[in-house]
Amino acid sequence: MREKLWHTMEIEDLSTALGTDPERGLSSAEVERRLQEFGPNALKEPPPRSLFSMVLEQLKEVLVLILIVAAVISGVLGEWADSLVILLIVVLNTILGVYQERKAEQALQALKRMTRPTAKVVRGGVVGEVELESLVPGDVVLLDAGDSVPADIRLTAAVSLRMNESSLTGESVPVEKDVGVLPEEEVPLGDRKNMAYMGTTVTAGHGCGIVVVTGMNTQIGRIAQLIQEAPQEVTPLQRRLAELGKVLGIGAGVLVLVVFLAGVRQGMDVLGMFMIAISLAVAAVPEGLPAVVTVVLALGVTRMSRRRAVVRRLSAVETLGTVTVICSDKTGTLTKNEMTVVHLYTEGRMLRVTGAGYRPVGDFVDEQETAVDPAADKNLRLLLLGGLLASDACLENGENGYRIIGDPTEGALVVAAAKAGIVREEAEREHPRLAEIPFDSDRKMMTTFNKIEDGVWSFTKGAPDVVLERCTGILQEGEFRPLDEVSKRRLLSVNSELASRGERVLALAARLWPDVPANPTSENAERDLIFLGYFAMQDPPRPEVRKAVDVCKRAGIRTVMITGDHLETAVAIARALGIWQEGNGALSGDRLQKMDDRQLEREVNRITVYARVSPEDKLRIVAALKAHNHIVAMTGDGVNDAPALKRADIGVSMGITGTEVAKEASDMVLLDDNFATIVNAVREGRTIYSNIRKSIQYLLSCNIGEIVAIFTAVLLGQGSPLTAIQILWLNLVTDSLPALALGVEPPENGVMEQPPRDPQEGVLSGGVGWNILWQGTMIGLISLAVYLLALSQGRTLEEAHTMTFATMALVQLVHSFNIRSFRDSLFTIGIGTNRYHLSAFAISLSLQGVVLFIPFLRGFFDTVMLRPGDWLTVLGFSLIPLLVVETTKAFGRLKQGRLQTG
Ligand code: ATP
């Protein structure tokens, strides 16, 4: 079948051509067969990088090239041992580099799989959700607002269906879709109204269609072939480190030159000095740092996904640690989204609905505590029936008890009706739905048209203020009466009373029609309505949220509730959760819309509850907060939330209730839709950043240690305290593992007791730069002292080198324990609390032991057997950093304590 003809075909011809049933879809056996024939419905991704190309990538590093040149020169001059060792170091370094990259890549791949999108299909007459990849031509697919279209589809049903096709046509205004056959063969893509194309999104309404082509045969598949691979993202931290690397590189160049010239002037052997200079250059540049940062970020992302927060961009991890405001939706994120109707209001009576959860058992009792029989009370029955008919949710009695499929707000109405014995199948059989105007959160209401007896009734349900505005009558004592302004006001005050108890109120209104209006729209059909009553429902707060809000407060993060719900409902719940307190502001959408941006900016720091907001308001709130330099995390689930999610520093979407569009626009997806998960992610973000700073502090202080020792010794005319090979070994082998392990330190005590980090602050600020300097100098001077001591005792140069080599390695390994906490004593956090660090310590220690103790290797590393007394000296000097740093930390804590109590 030629692709361009799909839109010209009648549905029957199309179904025959594709061998499918537009009602029941394909059988599972047929799907299997077609999967074999057409392959998975996926856009081809560039093949993963091969091991060989990864190795090559490593070898292209400038420093590695220098090392290879050094190895060749040594070889040519007959220094075989040196040459071999340098090559061994290059090999070890390459293995470590490739391993790290692999690890990072695998972590990111695993994440991609976690957020794999699904599609709703009808197969064998049953509706189900399947992975996008398993779609085949002929599959019958359902589309709802917020969905991303899973393949190229010919539409067979469309209710107010609108698509954003900008990914394909560049046109950002949504296109209205319908199912009419288009007789013209040559119709531009954007005008094929009966087709939906892969990668475009449903902005409103819902529909159904048959998949015509999948994977690379789709329109987007053809374009994808042309699109170049997206460049790898570089996070701000990685960029800053690259800059730091350049500065250090230049500094290293100068230093190396000075050392080389000083050495040669003192009459040292030129080749030896040349090798030392090269090794020193390798020592000065923290070449392992970018890899460590990538791995730590990637591992952090994996850890976060285990705690139900899937980060979609690496840089989001860094930003998370700087968040100062979290703007959260109420329903489902702060509350459980398990709605139950607890009150009904009709005909001036307030009825209480008893029962618990979704079990359809309960009574309707009036204010005198007398049970009202819904079968005998016509108004109550109509209210419940209308609520059910205007909803799509289903109540299911499964293995784990009753559950709701669909929107929980509607679920509550369905359960309330079921308590009166009104169930969907029966109700819909008697009163089939003839048309509808779907819900959208801007309008805050929806309408269905149902056949009732000989006529057609429309039921409009939605936010009370919105629905009441459209009402002109009220049903009372079985009659329609006009609704005057006084009664309207009274009804609104009933709404306020229910809302101030934290109940979510929905109004139901109806209208009688002689026939279904030809083209029902909100303007022509949601007006002149008759008010039937209210449903008031409770949605219990999630139990863990209150604590999470407190954690945020202590961490200097403000929590703001943003909801489509009524102001009073929102404030009541925000108060219960500690988000709203006396003195805080609360603003509703209509007032917000009257404010200009300036006014909003003035108020924004005071307001903690925004109610009745539309998705556009969310965008303005983000902008106003950002004008105060806040770093904003904003949640969203609907299709219209996408712009606000993109605008926020961290857009957070909902894994369970969120639409594909929201997920795609977000930086992070909450697998459990839970506010507490955002707070946990912020904690992780802060920890990861602090751990990266630990790795940096460790690597750079070790590097400075080596430079100080060599530089001072050469300037003092004492020659180099370490041989070139020894410097390379320390730098490229023994340092790397502890640096990586520091990157996975568990969170420090009090990470969430500090104010958020300033995103402008450099990686070396907050004392890290200073620590690197003095701790590096200390490491250098300790090693130098051992060298000079050995020389002064008349020991051979080999012995002095070996002692310095052993000391330097051990000092650095001991120092890695110091860095595990910036503030707390090692003995408070516990020596064994980071088992990766213990393993790294053990491995590096063993590697060092191997080159010091195995006679065969000693030849290569110019080491000699030390005497027991020498070992005591080495050990004694190596423990100095522990003593010194523990003491400075103790002073730091004392000072901080005094500041806090003072
Ligand atoms: P949040 O923004 O906290 O997630 P929300 O669910 O209240 O809260 P929306 O879904 O935008 O936000 O709903 C806005 C309002 O529209 C609700 O307060 C309610 O009055 C009304 N509403 C919600 N769902 C429906 C529905 N299925 N049918 C009719 N009206 C609804």
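Each Cβ is built from the backbone N, Cα and C atoms, and glycine gets one as well.
Since we're looking at a predicted model, the values are computed, not measured.
For 5-79, the entry in TrEMBL reads domain 'Cation-transporting P-type ATPase N-terminal'.
What TrEMBL records for 59-77 (among others) is transmembrane segment.
The transmembrane segment feature in TrEMBL is assigned to 83-99 (among others).
What TrEMBL records for 247-264 (among others) is transmembrane segment.
Positions annotated as transmembrane segment by TrEMBL: 270-299 (among others).
Residues or ranges marked as transmembrane segment by TrEMBL: 772-790 (among others). The list of residues near the transmembrane segment (772-790) in space but at least 6 beyond its ends in sequence, with Cβ under 8 angstroms from a Cβ of it, reads 696-697, 700-709, 712-713, 718, 721-722, 764, 799-801, 803-804, 807-808, 811-812, 815, 818, 870, 873-874, 877-878, 880-881, 884-885.
Long-range contacts of the transmembrane segment (839-857) within its own chain (CB-CB distance under 8 A, at least 6 residues past either end) are made by residues 729, 733-735, 737-738, 740-741, 802, 805-806, 809-810, 813, 816-817, 863, 866. Per TrEMBL, transmembrane segment is recorded for 839-857 (among others).
Sequence annotations record features per position, and here TrEMBL assigns transmembrane segment to 869-885 (among others).
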Long-range environment of the transmembrane segment (869-885) - Cβ separation under 8 angstroms, sequence gap at least 6: 775, 778-779, 782-783, 785-786, 789-790, 799, 803, 806-807, 810-811, 814-815, 817-818, 826
Leading contact stretch, 59-77, 247-264, 270-299 vs the transmembrane segment (83-99) - CB distance under 8 Å: 59-77
Mean of the pLDDT scores, which run from 0 to 100, over the domain 'Cation-transporting P-type ATPase N-terminal' (5-79): 84
